[in-house]
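Asker: Below: one structure in structure tokens.
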Amino acid sequence: MFEKSSWIRLPRNVVVGHGVLDEVVPVVADLHLDGTPLLITSPTPREVAADPIVADFRDSGVEPAMVTVDTASFDAVERVIDAVEAEEADYLIGVGGGKAIDIAKMASHHCQIGFVSVPTAASHDGIVSNRGSVPDGDTRHSVAAEPPLAVVADTAILAEAPWRLTTAGCADIISNYTAVMDWRLAHRLKNVEYSGFAGALSEMTAEILVENADSVRPGLEEASWIVTKALVSSGVAMSIADSSRPASGAEHLFSHQLDRLAPGAALHGHQVGVGSIMTAYLHGGEKGFWLDIRNALESIDAPTTADELGVDDETVIESLTTCHEIRDRYTILGDGMDEGAAREVAKETGVIG
Ligand SMILES: [Zn+2]
């Protein structure tokens, strides 16, 4: 008897385009969200996006509340949760780069109210996905959360974000290749549940991004469009799988470990990109596959070496040999890499000198 069932939770409205910031109020109306919105933002996005949204709400007769956060932390999540109670907010709008949206997502999960994602940088796939993570001391907590009810991504604003944020978003997408390889491996060896739909969508997303790499250039608004669409598509793959597996394998473990060993050294997407070069090498298979990943990263100006990440060689080795311990997620790293082997892969791929 067939007794399987699953929920696929997706955003209902995804609005991407030039000047669509104006459409936050209509998008909220379309979702039938009533009452008081609470905007969560940080200083720079506040000026370029949150303040104009507040003005639009006022014009429509709604008085929103706003919390400005400086860092992604549990304290910030607590502050937002307190504000939800104090302001009697009915739904949340996360306006910013990764952190404001991650905080909105986690607070929305805790308070059981919906949230809308308004990214001002296309720097990682958290802007759409149903996963949230904030650093807590020297660890990072990743929690299952709600996907946003809607995503409003204004490419005019995204194009103004620092270029490295966009290349980080691209690198996060390129790493889908190795994430899916790890997922299939875990399926074959550990019987981890695998979704062919989610796997194929995730790989195709990386493929389309790489095919359009020529348009991923600073100053081109089209670049923001391509990256945002890819991040949305990657988020959909995670929703279909009800797991971050389609977009997160050993290269993400490597990056999370770097976050602990060298906090703040590089952007998430850049770290996973470099991790992906090395785990592609470990997967072997098609000759030169790791080189394709490295070339793809290079072509969009993303880092490909420890040096470019701003971390030293030994930190890369330590991260490679210990990152399998971070979480119970089976990948090509298995039960851990031997130090000599780690040095070999990092050298062979040119990540360390
Ligand atoms: Zn990522």
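Glycine too: its Cβ is placed from the backbone N, Cα and C atoms.
Annotations per TrEMBL:
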BINDING   Gly98, Lys99, Ala100, Ile101, Asp102, Thr120, Ala121, Ala122, Ser123, Ser129  NAD(+) binding site
BINDING   Asp125, Asp172, His252, His268  glycerol binding site
BINDING   Asp125, Asp172, His256  substrate binding site
BINDING   Asp172, His252, His268  Zn(2+) binding site
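Describe the structural context of each listed feature in the structure shown, including burial, neighbouring residues and relevant distances.
Answerer: Ser123 (NAD(+) binding site) falls within neither a helix nor a strand when secondary structure is assigned with DSSP, and so counts as coil.
Taking a C-beta cut-off of under 8 angstroms and a sequence separation of 6 or more, His268 (glycerol binding site) has the following same-chain neighbours: Gly98, Ser123, His124, Ala168, Asp172, Ser255, Asp259.
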Asker: So how many other Cβ atoms are close to Ser123 (NAD(+) binding site), meaning within 10 Å of its Cβ?
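Answerer: Step by step: centre on the Cβ of Ser123 (NAD(+) binding site), count other Cβ atoms within 10 Å, giving 28.
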Asker: How many Å lie between the Cα of Ala121 (NAD(+) binding site) and the Cα of His256 (substrate binding site)?
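Answerer: Each residue's Cα considered, Ala121 (NAD(+) binding site) and His256 (substrate binding site) end up 21 Å apart.
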Asker: Which binding-site residues among Ala100, Asp102, Ala121, Ser123, Asp172, His256 have CB under 6 Å of ligand 1?
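Answerer: Asp172, by Cβ distance under 6 Å.
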Asker: Within a 10 Å radius of its Cβ, which of these binding-site residues (Asp102, Asp125, Asp172) has the fewest neighbouring Cβ atoms?
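Answerer: Ranked by other Cβ atoms within 10 Å, the binding-site residues Asp102, Asp125, Asp172 bottom out at Asp102.
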Asker: Ala100 (NAD(+) binding site) to His256 (substrate binding site): how many Å between their Cα atoms?
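Answerer: Ala100 (NAD(+) binding site) to His256 (substrate binding site), Cα-Cα distance: 19 Å.
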